[in-house]
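Down below is the structure, laid out as structure tokens.
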Amino acid sequence: MPPSHSVAQIRDAERQTLATGRRLMPLAGAAAARHVAARIRPGAVVLALAGPGNNGGDALEAATGLRAMGHDVRVLLPSGAQGLPADAARAYAGWQAAGGETWSTLEPGFVPGLVIDGLFGIGLNRPLGADWQALVDTVNAWNVPVLALDVPSGIDADSGEALGRPIQARWTLSFIGRARGLERPGPGRDACGISEVDTLGVIMTPAN
């Protein structure tokens, strides 16, 4: 298994790569889209959960890629697009330009065939708020396959501890490197399902 890394190490590698002018979010989104396309049953609707940070941008890029492949995709953007970071805002603009459908709340009775969890990733360091927890609980109650991006939402990426009741993923696709919280025995490893890594071509130094 590839080595795991702290959030600080992953962030540092990301910053160094972005400083060269290389854009990573489109690469992450394309990798997630390929992952879903290889596993989704024909005709199933994909719901991409896009949170307020760059994890949400990865989900938006994945949604745009899947739509371009001909899949039926919806985006749930509970916190709106106004406060998105620059790269995530660019991903949202691409989703809009592609004609994608964006919801702020779930449609009554809607149940997707597969969920992309791009709510928080490695950025979560405090317990899920009540509204976010309610959304996670709804997703878990659907009992449909979930692909988590980087880390299942509701997990502390460094410690692997639960920050509420986390998303229960079937797969977790980590970008750049696997967070330590997915390797250690505990809620993080239990919630992540099958853990895979796409380095996006970023070189990580081995963790100590």
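For all residues, glycine too, the Cβ spot is worked out from N, Cα and C.
Summarising the annotation, Swiss-Prot assigns (6S)-NADPHX binding site to Asn54, Asn55, Gly56, Gly57, Asp58, Gly121, Ile122, Gly123, Leu124, Asn125, Arg126, Pro127, Asp150. DSSP assigns Arg126 ((6S)-NADPHX binding site) to coil, not to a helix or a strand.
Marked as K(+) binding site by Swiss-Prot on the basis of sequence analysis: Asn55, Asp117, Ser153. Annotation for Asn55 (K(+) binding site): same-chain Cβ neighbours under 8 Å, separated by at least 6 residues, are Gly118, Leu119, Phe120, Gly121, Ile122, Gly123, Leu149, Asp150. Asn55 (K(+) binding site) falls within a helix when secondary structure is assigned with DSSP.
What Swiss-Prot lists as domain 'YjeF N-terminal' is 10-208.
A straight line from the CA of Asp117 (K(+) binding site) to the CA of Gly56 ((6S)-NADPHX binding site) spans 8 Å.
The two recorded residues, Ser153 (K(+) binding site) and Arg126 ((6S)-NADPHX binding site), show a Cα separation of 11 Å.
The average pLDDT computed over the domain 'YjeF N-terminal' (10-208) stands at 96.
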